[in-house]
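*Asks:* First the structure, then my questions, so here it is.
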Amino acid sequence: NPVEESPVTQTLSSLLPSSRSYRGLTLVLTFLSYTSYHLSRKPISIVKSQLHLNCSALGPNPHNDSNSTTWCSWAPFDADNYKELFGALDNAFLVAYAIGMFISGIFGERLPLRYYLSGGMVLSGLFTALFGLGYFWDIHVLWYFIIVQVCNGLVQTTGWPAVVACVGNWFGKGKRGLIMGIWNSHTSVGNILGSLIAGAWVSSAWGLSFVVPGIIIAVVGVICFFFLVEYPEDVDCNPPLHHVMTTSEKDPEAVISNEGPLSLSGQSSVDDSKSPKEPAEEPEAISFLGALRIPGVVEFSLCLLFAKLVSYTFLYWLPLYIVNVAHFGAKEAGDLSTLFDVGGILGGIFAGLISDYTGGRATTCCVMLVLAAPMLFLYNHVGQNGIGVSVAMLIICGALVNGPYALITTAVSADLGTHESLKGNAKALSTVTAIIDGTGSVGAALGPLLAGLISPTGWNNVFYMLIAADVLACLLLARVVVKEARGWCGPMARQRGYVAA
């Protein structure tokens, strides 16, 4: 048993005897967990437009006779270089997150996931709240906000490897793309809720835009500590089949009976399930270099670097872009930016469904990335020509940008973490997930930084940078796409030969 069961888990064993119920419970708890992670990350993008305001609309400075147009802004973000300061603030979080992610997966394979996840969520809540408390404590020094962001970035790395590993432990490969596509909507749901919660206080007391999400993620972390079940073996359920043959290939869950998973000969593997927790049979966690040698890990990791660069640039800069270009208020811009995440939900589900049907994860990603590039160009040039056009373009761009990102970080990561070359070793899922998402997080750090540096030269240049990143993400998957295409052409050629004969 990888971890000692809590009394609540033992109670759940009698209340939820079926593996289907446990799978549903795992999906719900991990969904809520990562929803709260993104809910706590989103407020900074909403509050940016409040930290630096054009105060001329509020009249003259009531404190003195100066003609400053930023007297109502929050120091130190009232300076002319405020965009660079915002970029530095974003990168304090994102660079720490990218560095910490490579280490996090290694710890995730060796520590109880339930403790690791819940502890990280409570700490994330603490540091998120500390950023908002800077408002109530009247703190105006940049280093305070930078340090809080660095600490928050490090502890938030506990989330993704842990939740993907938990879901991967409970679900086989057959419908993984669709299931994880729906499940991965937690990212967009968290961004939407974070925008709405932050927007409720952004113009009155922006500190609450961080304190409330901080409390929410900490509470969800406590719930996960008591109710999350990490492994099917912990509650005497049979693990899913990650690699099956012939007729089982379409639905590996279907070969699980009440007595246990059926072997290829159709016999129940009862003898094998009697001692799944024998210490002698416990495989060692995979090494970092061993995970890199799994076919496809390097390609998808580098692809995600550029895909996440685009996604996180929108996450952190879209509200400010809408304020500057469409001239909406901070709350209205925040609400409108949620449509990008609505599109992300649809894109993630669509990508998972198509990739399950075709078996082409890389091809699905490439097609969506190719379509995303011209849509980004159109959104920048015509996206502000009316509210209807803006809504439609944001949803379409969100679907095409976040679809590949969602597919790679969920179904692809789980596929590679349970790759057949591992010969059934489940101790690679968290490490592989961390490598892929950690590499992607490098792009997540670069995107907002580049946007902060490039935006003073014009928003057009920011969008050219995003389009170039999309194209590079697509090119990096070329080898895997060719391999998938050959896999499709082989059966088709054999079928044509059979028919001709």
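Cβ coordinates come from backbone N, Cα and C, glycine included.
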*Asks:* Of the ranges 336-358, 428-450, which one does TrEMBL flag as transmembrane segment?
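*Replies:* In TrEMBL, the transmembrane segment feature sits at 428-450.
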*Asks:* Counting CB pairs under 8 Å, which listed stretch among 85-108, 115-137, 208-229, 362-381, 462-482 touches the transmembrane segment (297-318) the most?
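*Replies:* The stretch I would name here is 462-482.
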*Asks:* As a test: from 115-137, 143-171, 362-381, 387-408, pick the stretch that has the greatest number of Cβ pairs under 8 Å with the transmembrane segment (428-450).
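*Replies:* Selected stretch: 143-171, with the most Cβ pairs under 8 Å.
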*Asks:* Any chance you could find the range in 115-137, 143-171, 183-202, 362-381, 387-408 with the most Cβ pairs under 8 Å to the transmembrane segment (85-108)?
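*Replies:* Looking only at 115-137, 143-171, 183-202, 362-381, 387-408, the most contacts with the transmembrane segment (85-108) come from 143-171.
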